Amino acid sequence: MDQDACTHSAALILAAGKGTRMCSNKPKVLHTLLGEPLLFHVISALRPLFGSNIWVVIGHGSSLIQSICSDLSLNFIYQEKQLGTANAVSIALPVLQQSRIKRLMVINGDMPLITSDLLECIIKKSDKTDFVFATLKLPLPNDYGRILRREGKIYSIIEAKDIEPSLQHDTTVEVNAGLYYFSLEVVDKCLPMIKNENKSQEYYFTDIIELAVENGYLVDSIYFEEDWHFLGVNTPKDLSYVESIQQAFIIEKLLQSGVIIHSPESVRISPFATIEPGVEIYGPCEIYGASYIASGSIIYSHSWIKNTTISHDVCIYSFCHLDTVIIKDKCSIGPYARLRPGCHLEEQVCIGNFVEIKKTQLGKHVKINHLSYIGDAIVGDESNIGAGTITCNYDGENKHHTFIGKKAFIGSNTALVAPLTIGEKSLIGAGSVIIRDVPENMVSIARGKQKNFSKRK
């Protein structure tokens, strides 16, 4: 889409519904698919085509939706009463007109398998029409609205609840996919004519098709053979099914690109993750968010990774939990390690079993091999942190920082009470509780004097 078209076109996501059949108080569009809300998947498909011209109609759980989407540069429109899809569009219309939008795409917020390429096909189809929408042919139409044609031309859509009994058992019929792109002029004229004279007593946006045809507008459709792109989520079963389709597609694409995946049926990978050819993954494993894994790295089973950048030749052993971390080349993590948000590991860092790290920078060749907690710290190159080392970073009110210089050696079972600085090449004796700064090249021991007593006979 060219810049001018992008400026005067917009997308409207319908996300105000309660999603009653999900049996949850959470807004339906916030239920997650492969670690991300359904709404995020739709936004991801729209963003390359519409930029910041994306409006979301919200109602149930509106404050929660706005909070979770606060960093996404979206425009929100509140629908107080959910009176139907036409009502949602009518509420948005004045805002869109004020923003000088000329063409609008309307899409449901629960269609996570939609793609930018597919949306672009619909936009291109609209060049010679006033209103275009997507259709499918399904052997079991279920809840989909039926397309009615007269002499081959579309003239109406009938929603599933209002279909005559004689048509209920039709085999393989053309249905509405729930995706529209049109001139705002059509909506401005025809939307006020829509009535709620149907079994649901709702204002159906699909009624605009018949009204547009009657008023002389050019209405057309684009048929898609692959119906799975348009699958919506209405129930927990739907969510599970859609997720399985998305996962199978992602796994197949990665396998073809050269990623080695053992037990692929037990591996879950976000569509927003990037994994280079030459990576090896053992299932079960979960990789979410905008994670990036470079070639040569190995991810062993039962690892959970989110929004993490893993460079070349890194080994993540089993049962590791990595959240928003940067890991440079040739590091070794785990097993049973937890790296929390804000960690940055330079090249060839070794993190062993039962180690937790939070908001910490580790220099090159740092070793933390066993049973330690390092939080709010900076550790210099080639330092060694002994087993059982704890940075005592919280005083009950505030967090404090620990600075450990290059080539320092921290003995086992040491408590470092922050704020604290350990100088370069210093050595801390095992079992110490360090409460004051230690200068460079010093040995510091802070523990009780050992006393031996004879055993009683």
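A Cβ is built for glycine as well, from the same backbone N, Cα and C atoms used for every other residue.
When Ala337, Ala387 are compared with the acetyl-CoA site residues Asn393, Tyr394, Ser412, Ala430, Arg447 in Swiss-Prot, the one appearing in that site is Ala387. Residue pair Asp110 (Mg(2+) binding site) / Lys28 (UDP-N-acetyl-alpha-D-glucosamine binding site) shows a Cα separation of 7 Å.
Among residues of the same chain six or more beyond the region 'Linker' (237-257), those with a C-beta under 8 A of the stretch's C-beta atoms are 22, 31, 33-34, 112-113, 228, 231, 264, 267-269, 271, 275, 277.
Put plainly, the binding-site residues Lys28, Arg340, Arg447 were compared by Cβ crowding within 10 Å, and the winner is Lys28. Spatial neighbours are here defined as Cα atoms within 10 angstroms of one another, and by that definition the neighbours of Lys28 (UDP-N-acetyl-alpha-D-glucosamine binding site) among the binding-site residues Asn234, Ala387, Tyr394 are Asn234. For Ala16 (UDP-N-acetyl-alpha-D-glucosamine binding site), none of the recorded positions have C-alpha atoms inside a 10 Å radius of its own C-alpha, out of Asn234, His370, Ala387, Ser412, Ala430, Arg447.
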